[in-house]
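**Q** Right, I'll just put the structure down here and ask away after.
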Amino acid sequence: MSAISISNLSSSSFLLTGFPGLEAYYLWLSIPFSSVYAMVFLGNCMVFHVIRTESSLHQPMFYFLAMLALTDLCMGMSTVHTVLGILWGFIREISLDSCIAQSYFIHGLSFMESSVLLAMAFDRYIAICNPLRYSSILTNDKIVKIGVAILCRSFLFIPPGIIYLKFLNYCRPHVLSHSFCLQQDMIRIACSDIRFNSIYGLFLVISNLFLDAVLIITSYVMILYAVLVIASREERLKSLQTCVSHICAVLVFYIPIIGLSMVHRFGKHLSPLVHVLMGNICIIFPPFMNPIIYSIKTKQIRRRVQKLFY
C-alpha cells in the first residue's frame, strides 16, 4: 500500500486489503473466487428452490435448511462486491457508512447461521429423543416463531456496538486487514476509547456463538445417549445418519471461526496474506460447502436435485 494513496484517503473512508504480495495475479485469482461465489449463489438458490417447490419437503427439518440456505445466500451477497471489486480493480476505498453497514450484515448473518444450526440441532434432538411428539412440538406456527426469534436475536442486539463505530476517532492509517469490513478490524485503527465495543462485542460472541456451540454439543450428547439405548444396530445407524449432514454443517461453520481466532491470537508473526485468506475462508467456506453437504448427504434433497437436472 503506497504512502501516497493513504495520504489521499478521506478521513471518513478506509482502504480494503486484497491479497498482499499477489497484486500481479489478481486477474487470475478472480477466476476461482468468481467460481466460488457463483457456486454459493447457484447452490443455495437450488436448495431453497427445491424445498419451496417440493411439497414432500415441507417439514420442519427442511424449513430450517431453507433458512440456512437463505442465510448463506445473503452472506455471499454481503461480501461479493468488495472481494471481487478488489480483484477486478474496481474498489479499493470504502466509505465509513458503507463499512459500518457491511460489518453489521456480516456479523448479523454469522450470528443467524449459528442460531439456525442450533435450531436444526433442536430439531434432530426432538426427532430422535421424542419422535412420537415431533409433529406436535414442531408445528408450522412454532417454526415461524423460531424463525422470528432467530432474526431478532441475530440483528436486534448488534446496533449498539455497530452504531458506536460512527463516533470513533480513526487517527491511525485507515487500512483494513481484510477484503471486507469487520467490527474488530475497525476498532483496531481507532484512537478513541473502545472499551464499550470490546466488552459488548465479547458479550455478543459469548451469548451467541459460544452459547450456541455449547447447546449444540449438549443436544448431541443427549442424542448419542438416546441412540445407544436402542437395541437394534440398524436402527442406531439409521438414527445417526439423519444427523450426519447437520454435524458436517456445524463443523464447516465453527472450524474456520476457531482457526481464524487462533491465527489472530497466536499468528501475529505470520504473513498478512495468511490472515486475509483465513478471513475469506471463514466468510465464504460455509455458504459454499453447505449446499454440497446437503445435496450429497440428504437423500430427499439429492433425489430432488437429480430429478431437477435429469
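The backbone N, Cα and C atoms fix where each Cβ goes, and this holds for glycine too.
According to TrEMBL, the protein has these features:
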DOMAIN    43-294  domain 'G-protein coupled receptors family 1 profile'
TRANSMEM  25-51  transmembrane segment
TRANSMEM  63-91  transmembrane segment
TRANSMEM  103-122  transmembrane segment
TRANSMEM  143-165  transmembrane segment
TRANSMEM  202-231  transmembrane segment
TRANSMEM  243-267  transmembrane segment
TRANSMEM  273-294  transmembrane segment
**Q** Does the chain bring the transmembrane segment (202-231) near the transmembrane segment (25-51), so that three or more CB pairs sit under 8 Å (pairs 6 or more apart in sequence)?
**A** no
**Q** Top stretch among 25-51, 103-122, 143-165, 243-267, 273-294 for CB pairs under 8 A with the transmembrane segment (63-91)?
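**A** If we count Cβ pairs closer than 8 Å to the transmembrane segment (63-91), 25-51 scores highest.
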**Q** Mind checking which residues of the chain, 6+ beyond the ends of the transmembrane segment (25-51), have their Cβ under 8 Å from one of its Cβ atoms?
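**A** Apart from its flanks, the transmembrane segment (25-51) reaches 18-19, 57-58, 62-63, 65-66, 69-70, 72-73, 76-77, 80, 83-84, 86-89, 284, 287-288, 290-292, 294-295, 301, 304-305, 308.
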**Q** Report, as numbers and ranges, which residues of the same chain sit near the transmembrane segment (103-122): CB under 8 Å and 6 or more residues beyond its ends.
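**A** Distant contacts of the transmembrane segment (103-122): 61, 64-65, 67-68, 71-72, 74-75, 78-79, 146, 150-151, 153-155, 158-159, 162, 165, 180-183, 186, 204, 208-209, 212-213, 215-216, 219-220, 246, 249-250, 253, 283, 286.
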